[in-house]
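Visitor: Starting off with a structure, shown below.
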Amino acid sequence: MRKQQGLSGGHGVDVDDEEWDKWVDDSSVDHRGRPPLRAATGSWRAAMFIILIEFSERLSYFGIATSLMIYLTKVLHQDMKVAAENSQYWMSVTTLMPLLGGFLADAYLGRFRTVLLSTVVYLLGLVLLAVAQLAPGLRPSGGSVPRVHETLFFVGIYLVSVGTGGHKPALESFGADQFDDGHAGERLQKMSYFNWWNCALCSGVLLGVTVVVYVQERLGWGAATVLLAAVMGCSLVVYLAGWRTYRYRVPQGSPLTPLLRVAVAAVMKRRLQLPADAGQLYEENDGKKRLLCHTDQLRCLDKAAIFEHGGEVWRGAWRLATVTQVEETKLVVSMVPIWVATLPFGMAAAQVSTFFIKQGMAMDRHLGPHFVLPPASVFALAAVAMIATVALVDKLLEPCLRRATGAERGISVLRRIGVGMAFAVVAMAMAAVVERRRLDSKVTMSVFWLVPQFALMGVGDGFALVGLQEYFYDQMPDTMRSLGIGLYLSVIGAGSFLSSQLIAAASRLSSHGGRRDGWFGKDLSRSRLDLFYWLLAGISAANLGFYVLVATRYSYKQQTVKAGRVGAEKDVAGINSPYNHKCVQQGSAFGV
């Protein structure tokens, strides 16, 4: 008989070796706070509820985001430069807010509750938008825009930002929590989870930029916002319907405190000599947390886990840390260069929902004699390309590479991100070429000239965005995974913010302080978006070399799995021994 430990503390279930897989032992609990029964909780049966919610949330978000430039210029009568800056500032806030939402989910609220509360805030924002667009006396009429309309509009879209800030990091990490990393079958399922998560995401995007935009064009902005609010309300019902099948993580306080403790302890013991044998460093195992293997990177932090006073363990809160806490700190520190190196990709991605859409507005969008394609619906090209890419990678590329290499993962996470970044460079160059041709053309070009740049960015997203999601979830400490998804989203948010700053700087320099039109005039035909695209392509290409350098030096997380979980080894040192584990590395540096 063997005693299986559960996260909730004090729970233990005696099971035979043959029944080891019956219970989930990854520090999660079921809806009653007990160790989850594998057959009744988690996996795809729970993840499908969560994926459906992501579909509806993305439908709502992109129904707003892709039409925002049009609303700001056509309804609020802002010029292109101001509208682009406002749009990208909003995108920046929306994609940076998940850092706060992820922290609150991991530390205090829990992921399930964070999604619940943020959905309510999201709904409130949509209601305010509907009121501003439908209430008599608040709607714009002619060239006049009531001040209260503008105020309600911006309050509404920023409430959507706050709702997204809790919804995105908590929901995606909550979905990934439904798969047990220590179980070989569920570990493979989780690799597919991120692919199908993005298929649902892109399906929501596709309907958001076609059906919702069509309603905006034909029935009005207010009717479309009411539709989005109804969809979000239905998603809340779906989310609550799956509560019995979910696996939950119990929040354990601020995940940043252990990181600070490691830093303080390492500084306080900086003059001590590291032991030759890393096995002499302090570690403890209470059965509630998966341990990490010791690595040789950032050895200065290992001093936080040195025993003092002749080997006696002095458990001062800020004087001694475990090997696992030290390794978690190393993981977070080593993520910083990767995060920085992916920011130019975020800058390129920000153009798809702003200047790409603006280009479409200036082109011939007729499909036959009676139908005109709404400008924001051009975004559907990128969504279709991303769906196709994700499906091909999951069903064709990954299985072929697994058979060819014999590895569990066909393509490493960092290589997948790098491939997506390379596609983004080509997409910016293609956008520059098409824009230059449009400016030189004596007739109005068809909007289908934009297909290559949208498709290339869609393929890039299919590689890079999925890779970023998986990277920042898997490589984060277990207690910081919502924050990890927030970091992934912050790549897009910070990239969008940098893009808006680049626009402002390029406009100031090219217009000689406002004395000329410069690159971003009120009339797109007198602007030079092609030069801006070439600038982004150059920045992205130079940064790709930096990314390759950083990625080749990266060391993946090596977590321990209790003997018996994934192999034939048996317990020999006792279930609570820190050394009764085997190390499992989640990839190899930048290689396949």
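Positions of Cβ are set from backbone N, Cα and C atoms, glycine also.
Unlike curated entries, TrEMBL annotations are predicted automatically.
For reference, TrEMBL lists these features for the protein:
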type: TRANSMEM; residues: 59-77; note: transmembrane segment
type: TRANSMEM; residues: 89-109; note: transmembrane segment
type: TRANSMEM; residues: 115-135; note: transmembrane segment
type: TRANSMEM; residues: 196-215; note: transmembrane segment
type: TRANSMEM; residues: 221-242; note: transmembrane segment
type: TRANSMEM; residues: 331-352; note: transmembrane segment
type: TRANSMEM; residues: 372-393; note: transmembrane segment
type: TRANSMEM; residues: 413-434; note: transmembrane segment
type: TRANSMEM; residues: 454-473; note: transmembrane segment
type: TRANSMEM; residues: 485-511; note: transmembrane segment
type: TRANSMEM; residues: 531-550; note: transmembrane segment
Visitor: Can you see whether the transmembrane segment (331-352) and the transmembrane segment (413-434) are touching - at least 3 CB pairs under 8 angstroms, only pairs 6 or more apart in sequence?
Guide: yes
Visitor: Counting only residues 6+ away from its ends, which parts of the chain sit with a Cβ under 8 Å from the transmembrane segment (196-215)?
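Guide: The answer is 51-52, 54-63, 66-67, 172, 175, 223-224, 227-228, 374, 376-380, 382-384, 386-387, 390-391, 394, 462, 465-466, 469.
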Visitor: Six or more residues beyond either end and a Cβ under 8 Å away: which residues meet both conditions relative to the transmembrane segment (413-434)?
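Guide: Distant Cβ neighbours of the transmembrane segment (413-434) are 338, 342, 344-345, 348-349, 351, 356, 359, 393, 449-450, 452-453, 456-457, 459-468, 470-471, 474, 529-531, 533-534, 536-537, 540-541, 543-544, 547-548, 551, 554, 587, 589-592.
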Visitor: Report, as numbers and ranges, which residues of the same chain sit near the transmembrane segment (59-77): CB under 8 Å and 6 or more residues beyond its ends.
Guide: 83-84, 86-87, 90-91, 94, 122, 126, 129, 140, 143, 145, 150, 153, 157, 160, 164, 204-205, 207-209, 212-213, 216, 221, 224, 228-229, 231-232, 353-354, 357-358, 361, 375-376, 379
Visitor: Using Cβ distances below 8 Å and needing 3 or more such pairs, separated by at least 6 in sequence, tell me whether the transmembrane segment (485-511) contacts the transmembrane segment (221-242).
Guide: no
Visitor: Establish whether the number of Cβ pairs under 8 Å between the transmembrane segment (454-473) and the transmembrane segment (372-393) reaches at least three, counting only pairs separated by 6 or more residues.
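Guide: Per Cβ check, the transmembrane segment (454-473) touches the transmembrane segment (372-393).
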